[in-house]
Structure formats: C-alpha cells, structure tokens
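Participant: Can you read through this structure? Questions will come right after.
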C-alpha cells in the first residue's frame, strides 16, 4: 500500500479536531486509491513446458555425471583389488556410455532440437535432384564425345575411300591361311610317301634278285664238288660259314623291313593301290 499525502488544516496540526468534511474527503480519497492500487484478480501462471523440460534435462545430466564419477571411482577400486574383473567392467562402461548417449538424444528430442537435425523433405528432394544432375552431366558429355569420335572415324573412312578390316575379317583370313598351309603340307606328305614306297619296292626287288643269283651260284659250286673228293675239300672252312649266315640275315632283314614299312604306310591311310601292291609282294 502506498502512503497518501493528505492536506491537514491548522487546527489538526495544533491538536484540535478537524472538521467532519475534511475527514470524509480523506476517507474517500484513500478508498479510491486503495481501489486503484488493489491488485487485479490473481491468476496462477504455470511455467512453460520448455522451461520445465530444460530444468529436468539439466538435473538428469547432473545426476548422470555424478553416477559416472561414482562408477569410475568404484571401477578404479575394483581394478586395484580384483584385476580379473577387467572385462566385465569394460563391458559395463560401454553399456553406460551407450545409455548416456541415448538419454542425451532423447532429451534433445524432447527439448525441440530435433528440427535442427532432421532436414525437411523438400530440402532432401532438392539435394537429391542436384546430385542426380551432377551425375548425369558427365554421362551426357561422354556420350557426346563418343558420337563425335564415331563421326570423325566415318569421315576419315569416306575420305580415304576404303574400309578398315574388322576383327571378324581378320580372324577369317587367318583361318583360311592356316587351312591352305595345312592342305599343302598334307599334299607334300602324300607325295613323299609315294616316292618312298616306290624306292623301297625297287630296293627290295633288287635284293631279291641278288639273293636268287647267290643261291644259284651256291648250288653250282655244290654240284662241281664230287663225293669222291678228299675230306679236306668236303670240309667247309670256318670262314665260309659266317658269310652264308650273313646273306641269310640280310634277306630276312630286308623282308621284315618291307613288311614293317608297308604296314606303317597302310596304317596312315594310303590308297587301295598300295594295299594291293603289298599283298602281291607278300604272295611272292
């Protein structure tokens, strides 16, 4: 309440009673002032939710920090006393840190900071569009460069007046060349085989004639020697025996060689004429 200055008369100051009118005016003024100064109807104003949440979050953080300090001190003591429980304590510390992080995230979400972290959907779409444009630009440039290179190559071909051989044409030409070389080699082998067969047949025929002549000579020599001749003449010297053995060995070797060579030629796939020649030689 405020003190209201009042004007008093001289009689009041001297101790005499003031007049009644003066008292009435003073009382009226005081009542009006009291009415003016009286407070308006009081409404209880509750604190905002944000203020309460911030206070609660600060208190929870302080409690968490205090708990962490206590836990760290207890863990140090436990490590000094029981070093075997290190693994369990480390696991517990990791869980405490994870819980602390989750609680902090929840508090920031409650306080309303989540709108700063989470961008709007429109901004996300704009960012994606910008990224797509950035990625599409180099692709378009590469396609344009490829088209330009192809156009330059076509112009060069037209100007030169010929077409560059492709990989398929090169492969076909190589294959044709290999086939020609292979055919030529086969023809050469066939010619060589024919010549070799003819030479071998001639050699064998010459050897057979030589063997027949040698046999006739031996028979003539045997007929000239009479049975009444001396034992010395009838006895065969040891030098003559190996010569006879050598001649027979030569004939056998030649015949076996002919058989093996002709059989080998037949196995290679020669003509029917060669087979007939071989059969005729076998019957001789």
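In case you wondered, yes, glycine gets a Cβ from its N, Cα and C as well.
Dumping what Swiss-Prot says about this protein:
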type	residues	note
COMPBIAS	184-200	compositional bias 'Acidic residues'
COMPBIAS	225-235	compositional bias 'Low complexity'
MOD_RES	73	phosphoserine
MOD_RES	214	phosphoserine
MOD_RES	226	phosphoserine
MOD_RES	230	phosphoserine
MOD_RES	233	phosphoserine
MOD_RES	237	phosphothreonine
REGION	1-23	region 'Disordered'
REGION	110-251	region 'Disordered'
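Walk me through the surroundings of each of these features.
Facilitator: Neighbour count (other Cβ atoms within 10 Å of the Cβ, all protein chains): 10 for residue 73 (phosphoserine).
Look at residue 214 (phosphoserine): DSSP puts it in a helix.
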Participant: Specify the secondary structure state of residue 73 (phosphoserine) as given by DSSP, simplified to three classes.
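Facilitator: The three-state answer is helix.
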Participant: Using a 10 Å radius around its CB, how many other CB atoms surround residue 214 (phosphoserine)?
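Facilitator: If we count other Cβ atoms within 10 Å of residue 214 (phosphoserine), we arrive at 15.
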